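Notes for the one structure printed next.
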Amino acid sequence: MDRCKHVGRLRLAQDHSILNPQKWHCVDCNTTESVWACLSCSHVACGRYIEEHALQHFKEQHHPLALEVNELYVYCYLCDDYVLNDNATGDLKLLRSTLSAIKSQCYEVTTRSGRTLRSSSANGDQLSPSTQELQLRDEDRMFTALWHRRRALIGRLFRLWFAQTERGKKRLEEERQQEEEEERKREARERRRQLKRQLKEELESAPPRKSHRIRRQSLKATSVKPARAPAKSTKSVRRRSAPARVSTPTPRTPRERTPQQRPRPQAKAKRPQAPPSKTGDSPVKRRPTVTPGVTGLRNLGNTCYMNSILQVLSHLHVFRECFLRLDLNQALELLASAVSRKLGLSAQRVIQPKGLNQGSGLSGGASRSRNMELIQPKEPSSKHISLCHELHTLFPVMWSGKWALVSPFAMLHSVWQLIPAFRGYAQQDAQEFLCELLDKVQHELERTRTLTPATVPANQRRLIKQVLSVVNTIFHGQLLSQVRCLACDHRSNTIEPFWDLSLEFPERYHSNSKDAAQVPCGLTEMLAKFTETEALEGAIYACDYCNNKRRRFCSKQVVLTEAQKQLMVHKLPHVLRLHLKRFRWSGRNHREKIGVHVQFEQELNMEPYCCKDSGNLPHPQHFLYQLSAVVMHHGKGFGSGHYTAFCYNTEGGFWVHCNDSKLSVCAVEEVCKAQAYILFYTQRNAQDKSKESDL
């Protein structure tokens, strides 16, 4: 619509909630796909093709204008059309330019009138990252407290309801009888303890027995009689009786000692007794109120791609355990000092006091790094930011069993600094982020190991080497590329590494046919297509066997023949990543999403897709894989959408649907019905080894 009369009445507030990237999701269903922000209030909800929460808000509040956060379209519900015009002050144009600046993190926005509209949550000048992180941490505490309060109320209501049922009454009667039995046992133990204390006090306060008095008198008599003997015999008797005289105080029994000589039992008797508990004397261990791993990650502004990948990596047992043990604080400090020496920062020697010990203090050289930061420029250097350190910090919080929600602000800040392609609040691809993240983590570990081999402690060097080995091998596999010449039947083999398998859909799904979109596709069919034999177009292959008799100085041309090519798996990784290429080209430059459902099973046998010509065939158990995680893309296109993940929780033995801050337990049948984008399968042999290491 060229002219909408409702836009002229628009009065946009300076501090609208749409300027906060953390609000770019539906407040009802938490999706980031097709999110519309009301221009009359701070409400943000999903469009009519998702759950119609924005339309429902219009029906309740009668606010006609809404703006799509990602595409920046303005829609009027009263006119039932898109709006093309603007108001007199140009608020819509200014709002679009401000949102574009927030997404790209470029805040140089100017207007003809000089008016600016800034985002208080995304502008680095008004709100530093540390202050924003503190605000998010307070919100996380409040969310966790509300979660605990809600769970306690639900548990109390359930217990009240259960107490009214027949089964509940029976259980309460059994618990009451058990408590009475425990109370009787406790009273009996208390009576025995009291009787024992009384006997001890009576024995301590009673005079020594007659037998002991007679024995002491006899000992004194024997020690006095030798004094009347001659001098020679007296010396000999004294030598024999001296040990007896020294050892006489030592054989005293507790009955002979006075209360002044036994302060410990008296103090122990005066020690106040703890109040008895209803369940007995054994202390009850307090369980974590949140299951480890069931911790949501706050959406900081179209960061669902990062949250889904972090949830998957944290639920991979081998990957998680490595970063839980890894601590690169000391290594990073040494790395920073090495970098500063390379840059020629000689001013550091002048700033540091002469008597300062670099290794003194509990921080182990924190003063050195603090002084080094004083002479560095204000812009943070990417060499001092570590994704490994952020993973080591984030994973323990997610698996502590204490937090229901965590804001990964530090992780996002590190990603912005180290991977500039993901800087800003624009929507990104989860597969690309996973590849870039693993590549940066691998390079960090390699740089840490090579630059500081002698200064890092031996145990840390071994741990860094182990983690690097796990990161390099957990997703690493090998492909066998085999080309067969059709003229001489000679086969040329090439080994190529891979970290994931990008599987294409069959040809029938690359058309706009509605019948093909309704028929589901199987994962085994896509794997068979990946490993099928394909014919090279025309005579384009220069066979080595056909041209081996030709010399380099020969003037004859190289013989080109027809050939066939096939890809097969030569070495399987511990964790198999299957990337489903859900796009097709429509026209020259337009990509569409293939929204067909892919049928995948909980167990996967990779033996049909591995090469069988190699002499060292692995054990049949190595071909079996178990489903560990699924990343899903919700939406019709690649320019917009929402990412969630299904992850298998090894601690609880159940599946969890991770939708940013909202996590819910689900069944495996629901997982298999998901529209998968990335599949993670863990080798069953590797799972058994991880379980044995835990035991």
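Here the Cβ of each residue, glycine as well, is placed from N, Cα and C on the backbone.
Swiss-Prot annotates Cys38, Cys41, His57 as Zn(2+) 3-binding residues; of His25, His63, the candidate listed for that same site is His63. A straight line from the CA of His642 (active site, proton acceptor) to the CA of Cys304 (active site, nucleophile) spans 7 Å. Minimal Cβ crowding within 10 Å, among the active-site residues Cys304, His642, is found at His642. When pLDDT values are averaged over the domain 'USP' (295-684), the model yields 78.
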